[in-house]
């Protein structure tokens with residue numbers, strides 16, 4: 001066999017093995033995983049999430065962000081929920097310190113309700129995935145099916161977080177590369193960014209766009225001038241670090257496609273938001289999502305399903321935690 005043909009055969013073999021591996025991993029999660037062991041798990045989680053939502057709207061963005069941060073570090077295995085007395089767990093990392101406590105509380109309360117009905121059966125990772133679907137729906141977003149069967153991870157270290165979560169200042173290439181490492185496409189990344197239609201951010205995450213963007217232009221020129229002034233009024237220099245503002249200035253409590261309309265209007269809060277419109281590679285998708293909410297919802301569901309498969313532990317891997325904040329051992 002010629003070297004060229006041999007090389008093509010080897011590449012084909014590797015691709016076939018990789019494809020088989022991906023299919024096997026995906027197939028290990030199924031929507032009806034608890035049909036015989038905890039048939040009412042979805043209703044139990046939904047009720048617990050509703051109860052928490054009735055107490056505070058922060059439940060919605062806090063839980064959604066928690067799921068994203070969990071999946072991008074160690075995979076979707078509830079490792080972000082672990083609390084360490086030494087302050088060295090995943091949740092203690094610099095990029096996770098701002099995760100709102102209401103997200104953790106939502107999952108803990110939902111897990112406690114599930115444990116009362118089905119002790120030792122449903123993982124914290126699956127409870128988090130279900131709770132995330134429920135908060136999206138409570139905010140007016142689509143109701144979608146969730147694949148289940150994850151087990152909880154056995155590793156949660158602050159030292160393993162840095163470099164695994166997108167930063168507010170990322171450019172398009174950095175975003176694309178980080179998401180591609182998790183088998184997520186450009187369209188997946190743009191759809192998941194739409195979660196910024198909910199939630200809030202502390203001023204220090206974007207203040208560089210207002211006061212020190214570049215030597216020639218202290219204010220980021222891609223910002224709408226009126227919006228820039230609005231941000232400066234809310235976040236003056238040396239502002240209290242606890243001050244936070246809405247990510248979406250128009251409909252901050254509704255899951256919708258207004259986030260993309262904001263980008264077209266120069267009202268993306270982070271550089272990593274606005275870049276989705278200013279870059280030609282991503283702009284067509286932003287325009288499409290801005291005018292077609294149903295298309296955005298469908299893309300978001302697909303991306304969330306794919307993200308929910310990242311690094312999952314199944315079979316004999318991991319454990320089913322009784323207390324989401326502590327390893328069983």
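Each Cβ is built from the backbone N, Cα and C atoms, and glycine gets one as well.
What TrEMBL annotates here:
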ACT_SITE  69  active site, proton acceptor
BINDING   70, 73, 75, 77, 79, 90  Ca(2+) 1 binding site
BINDING   166  substrate binding site
BINDING   196  heme b binding site
DISULFID  38-118  disulfide bond
DISULFID  71-76  disulfide bond
DISULFID  124-324  disulfide bond
DISULFID  203-235  disulfide bond
DOMAIN    28-328  domain 'Plant heme peroxidase family profile'
Next on the checklist: I need the CA-to-CA distance for residue 124 (disulfide bond) versus residue 79 (Ca(2+) 1 binding site), whole Å please.
Outcome noted: 9
Item to check | Any further residue of that chain within 8 Å (Cβ to the Cβ centroid of 70, 73, 75, 77, 79, 90) of the recorded Ca(2+) 1 site | outcome: 69, 71, 72, 74, 76, 78, 80, 153, 155, 156, 311
Checklist entry - Where residue 196 (heme b binding site) and residue 118 (disulfide bond) are concerned, what is their Cα separation in Å, rounded? => result 34
Checklist outcome for this item: Around the Cβ of residue 90 (Ca(2+) 1 binding site), other Cβ atoms found within 10 Å total 28
Item to check | Cβ neighbours within the same chain of residue 118 (disulfide bond) - under 8 Å, at least six residues apart | outcome: 34, 37, 38, 41
Next on the checklist: Give me the CA-CA distance between residue 90 (Ca(2+) 1 binding site) and residue 71 (disulfide bond), in Å, as a whole number.
Outcome noted: 12
Checklist outcome for this item: One should report the C-alpha separation between the residue listed as 'active site, proton acceptor' and residue 166 (substrate binding site), rounded to whole angstrom, as 10
Item to check | residue 203 (disulfide bond) and residue 77 (Ca(2+) 1 binding site), Cα-Cα, nearest whole angstrom | outcome: 30
Next on the checklist: Restricting to the chain of residue 324 (disulfide bond) and a gap of 6 or more, list residues whose Cβ falls under 8 Å of its Cβ, or answer none.
Outcome noted: 78, 81, 107, 108, 111, 124, 127, 152
Item to check | Candidates 166, 203, 235 (recorded positions) with Cα within 10 Å of residue 76 (disulfide bond) | outcome: none
Next on the checklist: Comparing the recorded positions 73, 203, which residue's C-beta has the most other C-beta atoms within 10 angstroms in this structure?
Outcome noted: 73
Checklist outcome for this item: By a 10 Å Cβ neighbour count, the lowest-scoring of the binding-site residues 70, 77 is 77
Checklist outcome for this item: Cβ density check for residue 79 (Ca(2+) 1 binding site), other Cβ within 10 Å (all protein chains) comes to 29
